[in-house]
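> My structure is below; once you've seen it, I'll send some questions.
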Amino acid sequence: MKVFLLTILLCFLIAYCAGTNIFDPDNNPMCIPQGEKCVMRDFGCCLPYQCDWMKNRCK
């Protein structure tokens, strides 16, 4: 049963990532604008900004 639930969760994660299209920031409505709060260094911020991990803001 655990394997089944894990498989379903994995499918949802893959669909979510494919749906937001993290590799094409121009088509990504989920990207974070400059100055907004971010969590991970490489994901989330609109290009050309990156997440400043010291301040947790896109810059």
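Just so it is clear, glycine is given a Cβ too, placed from its N, Cα and C backbone atoms.
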> So, in Swiss-Prot, which cysteine from CYS38, CYS46 is disulfide-paired with CYS51?
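Out of the candidates CYS38, CYS46, the one Swiss-Prot links to CYS51 is CYS38.
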> Which of these, CYS45, CYS46, shares a disulfide with CYS58 in Swiss-Prot?
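Disulfide pairing in Swiss-Prot: CYS58 with CYS45.
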> CYS51 (disulfide bond) to CYS58 (disulfide bond): how many Å between their Cα atoms?
4
> Among the disulfide-bonded residues CYS45, CYS58, point out the residue whose Cβ has the most other Cβ atoms within 10 Å, with all shown protein chains included in the count.
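Of CYS45, CYS58, the one with the most crowded Cβ is CYS45.
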